[in-house]
């Protein structure tokens, strides 16, 4: 009797109704939980502010261009305490990456896409490095997203411990790897191009999903978030973007004469070279590019491009004309016409912001950018904290050069700013 009564009560209309509401509520809650951002993608866990607790530098003021705070940075860098601060060595990274879970958590890498838009637009990176493991870690962390792909080329002249440290970092991520073939990179020689080509081949074979390739060196740093980079790349609509201008006459000596590496340095042999095997004239540019996957495939497979590259191997600084020239060959995917009307300067292209000493000056009087706040090496500015405010208002994706040994706070403040900006998207 009691069992029959309970059965009638349980399966009566009101009870069945409330039971169904409960089940549907639980299902809805579960679905919402699945599509929520994981718990670790929280602002508190991934924010980088306060990573250097021993310093009282206010990065917000630095980024605003506050003269007093920037002067404070300069004084801090000169202190004995700062100069004797603990530094991470390759051996430290080898030890840290022996426990990948701990390393990723400690270094606050982002291991989930921050948006659907970013997840659906993977980017490939070629990173050429030879020293300063902490710089590589900071760069990789700043650009790392699980949907992207990262090839790291390590100079064969690098110390064994450095290579081991890079391999340790790469081992902690399924989408980060060391190039399958490594070169001994000599300044201004073909080996710099070959390093990027090696990564191009590996990345092209690794995945057909990535949309664009961006090449970097170990002293680059982003000045845009991953989402901002994705949106700028989408606006290109398949076109490549890199510096490509008419070849100035003073640079013609670089490819009209034959060069070879002698005792680790590139030397002019004085031998006159044959003209390039190309109808398109040679164009001047830089080592840095933002190119589509279709461009990469064409470069790797096209016979005409292969002949051009073979011809260029004994020239001076081929990276500063090769990519710029390929970008003006008509049949290359995403290329520009050879007419000078389509020339792009380094300030018009988005690939890289670089300050050259001989162009610095008063912007109000026609200079392209203000004086360097850091130091100069080979006429290139190694940025200081005072360079950030102006730089962040430019359209470029990356800037070169940064160095933890010149101005750590320039990198730290930029790093904090980009991470906070990226995490802000989670609130909307």
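Every residue gets a Cβ built from N, Cα and C, even glycine.
Range 10-32 is the one annotated as transmembrane segment, of 10-32, 33-55 (source: Swiss-Prot). Of the residues proposed, 105, 211, 401, the one Swiss-Prot records at the same UDP-N-acetyl-alpha-D-glucosamine site as 128, 129, 130, 155, 156, 157, 187, 378 is 401. Of all residue pairs in 128, 129, 130, 155, 156, 157, 187, 378, 401, the annotated binders of UDP-N-acetyl-alpha-D-glucosamine, the farthest apart have Cα atoms separated by 23 Å.
Residue counts for the region 'Stem region' (33-121) by DSSP state, with H, G and I taken as helix and E and B as strand, are 47 helix, 0 strand, 42 coil. Across the annotated binding residues for glycoprotein (243, 251, 254, 320, 341, 358), the two most widely spaced Cα atoms sit 25 Å apart.
Taking a C-beta cut-off of under 8 angstroms and a sequence separation of 6 or more, residue 100 (disulfide bond) has the following same-chain neighbours: 171, 172.
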